[in-house]
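A short write-up of the structure that comes next.
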Amino acid sequence: MSLAPEGRRLLRVEARNAQTPVERKPDWMKAKVNIGSEFIAMKNLVKQEGLHTVCEEAGCPNIFECWEDREATFLIGGSECTRRCDFCQIDTGKPQPLDRSEPFKVAQSVRSMNLRYATVTGVARDDLPDEGVWLYAETIRQIHSMNPGTGVEILIPDFSGRAEHIEAICDSAPEVFAHNVETVPRIFKRIRPAFRYERSLDVITQGRDRGMVTKSNLILGMGETREEISEALRDLHEAGCDLITITQYLRPSERHLPVDRWVKPGEFVELSEEAEKIGFLGVMSGPLVRSSYRAGRLWARAMRRKGLDLPAELAHLDDPGSAVQEASSLLAG
């Protein structure tokens, strides 16, 4: 392999990655499919109205469960990112000019799909003076304005850690303020060269200090050790992170970082229990868990543990049971 799908020459790191064939997944990485009536209705609606979600376009294995519960994830800011992370399937390049109508379009999609909870994420836009902050904040405002009964979770890049940018996001009042650290300090720079571990922790702290319910994610199987995972969990909790998702790395293509190891469900259960003991208000841990998986349920869990009442229009998100892809559910099944 000498060329990327878009026709450009491979980066040196991509050429090195491509020397390792894409790994075969173990049996426990196969998702159980349960197609319900709500999923079918959502699928038909998305096709009929030409709507776009990360769930469908990224081929997420959890789409059947999340759509059945009227939860979905949207990607804003375009299809190209100004940064490159070695695990991420989004292409790196020069993004198209900003579509200032996108917040309204996303809010319309949320309304058309009758979503109970929407996660909004996006690409890094270092090409813009505000790094895309207006787009993220305005999307939150538009969703809330058009869909007062829908919870909104925003998953942001680091916005260079600038306090005024973080403040603008918090002022738009998402239910959850999320920034994913993704990996441990020792291998962080190699895998996420445009980000900084300490800066990512500080972004979470800034969100916490502004009264947000905060969230992050750790991806396993990229070369970290078991002890390093524990240290990262402690770092995140000390930084003010309320919610944590713990996931297995799945290699998007041969151009991406090879999988270092397949983490067994039992280890995910151990990590979930450890994170609970550390003090996280909500934990989702499992091989096929993703950072936006059952996001509404996790937020409701945090609110309950904070001793806060759920707004009446979002009370439907309160469900204390285990989700299908949590490792504890996989082992029980």
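Cβ atoms here come from the backbone N, Cα and C positions, even for glycine.
Bear in mind that TrEMBL entries carry predicted annotations, made automatically and left uncurated.
Summarising the annotation, TrEMBL assigns [4Fe-4S] cluster 1 binding site to C55, C60, C66, S292. Long-range Cβ contacts of S292 ([4Fe-4S] cluster 1 binding site) within its own chain (separation 6+, distance under 8 Å): V54, C66, E71, T73, T119, T121, E153, L155.
The domain 'Radical SAM core' annotation in TrEMBL covers 67-281. When pLDDT values are averaged over the domain 'Radical SAM core' (67-281), the model yields 96.
The Cβ of C88 ([4Fe-4S] cluster 2 binding site) has C81, P252, H256 as same-chain neighbours under 8 Å, each 6 or more residues away in sequence. The feature [4Fe-4S] cluster 2 binding site is assigned by TrEMBL to C81, C85, C88.
Around the Cβ of C81 ([4Fe-4S] cluster 2 binding site), a 10 Å sphere holds 21 further Cβ atoms from the protein chains shown. If you measure from the Cα atom of C60 ([4Fe-4S] cluster 1 binding site) to that of C85 ([4Fe-4S] cluster 2 binding site), you get 19 Å. Listed in chain order, the extra residues whose Cβ falls within 8 Å of the Cβ center of the [4Fe-4S] cluster 1 site residues C55, C60, C66, S292 are T53, V54, A58, N62, I63, W67, E71, A72, T73, T119, R290, Y293.
Looking only at the binding-site residues C55, C60, C66, the densest Cβ neighbourhood within 10 Å occurs at C66. Between the CA atoms of C85 ([4Fe-4S] cluster 2 binding site) and C55 ([4Fe-4S] cluster 1 binding site) there is a gap of 20 Å. According to DSSP, C66 ([4Fe-4S] cluster 1 binding site) sits within a helical segment.
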